[in-house]
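TrEMBL annotations:
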ACT_SITE  D36  active site, proton acceptor
ACT_SITE  D176  active site, proton donor
BINDING   S9, H67, G143, F144, G145, G146, D176, G177, G178, G198, S199  substrate binding site
BINDING   H34, D36, H67, D176  divalent metal cation binding site
Amino acid sequence: MKNTLIAPSVLAADFGNLQRDIEMINNSEADWFHIDIMDGVFVPNISYGMPVLDAIKRHAKKTIDVHLMIIDPDRYIKEFAALGANILSVHYEACTHLHRTLQAIKAEGMKAGVAINPHTNVSLLEDTIKDIDLVCMMSVNPGFGGQSFIENTYKKVRQLKEIIKRNNASTLIEVDGGVTNKNAAQLVEAGADVLVAGSFVFKAENPTQTIKELKDLVNQ
Ligand code: DX5
Ligand code: ZN
């Protein structure tokens, strides 16, 4: 039996009822909290920052998976560790010294992730794959929830899986953006280990049930 993880993206939650939505994830079959941090520079949108993550962390009872869509992420590694991030992903496109950044994340006791934009070829990760705990593969252009899934992602997941196997690495593949029950099974078949879902979960009539259905769908 597969063990595909589901990581609801809090970006799509109702911020007026944040505690309620956090408790919903706690009590659901979801595995992680996916936290999208945007700076308005690396991506054309600003999401939320440290005080909101601090508030989430006070109620969240599952792994905190932080996706930084910011320039110069090295400046904030210690702060995200102190806020309780378990996994910290930085964008490949935002790092001049990716290898150094990954070591700095691990030195703070977190798992190190690398997010890649849709235009970034997976072969660019060949030389660091052994140092990467998680690749957050963007299946939309980062910056907004609710966008349509880019079909080219299946191919990229398969190619990345090959790189992971070839290097005998234990890197997890996370797919982020436009994930629904229409593409989830095919993504897992291609090699995805973690599925992020924002709108699909939070815009559903029954988010708890939707998480369960997605989880069942990808763990047959
Ligand atoms: C996009 C974010 C995603 C987003 C996913 O920049 O990184 O995590 O919240 O939302 P949906 O599932 O609505 O595409
Ligand atoms: Zn994300």
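Backbone N, Cα and C atoms are what each Cβ position is placed from, and that goes for glycine too.
Take the Cα of the residue listed as 'active site, proton acceptor' and measure to each of the binding-site residues S9, H67, G145, S199: the nearest one is H67. Other residues of the same chain near the substrate site, with their Cβ within 8 Å of the Cβ centroid of S9, H67, G143, F144, G145, G146, D176, G177, G178, G198, S199, are L11, A12, D36, V140, P142, Q147, V196.
If you check the binding-site residues S9, G143, G145, G178, S199 against H34 (divalent metal cation binding site), the ones with a Cα inside 10 Å of its Cα are S9. Residues H67, taken from the binding-site residues H67, G143, G145, G178, S199, are distinguished by a CB atom under 6 angstroms from ligand 2. Applying an 8 A CB threshold to same-chain residues 6+ apart, the list for H67 (divalent metal cation binding site) reads H34, I35, D36, I37, S89, G113, A115, C136, D176. Cβ environment of S199 (substrate binding site): A12, G145, G146 lie under 8 Å away, each six or more residues apart in the same chain.
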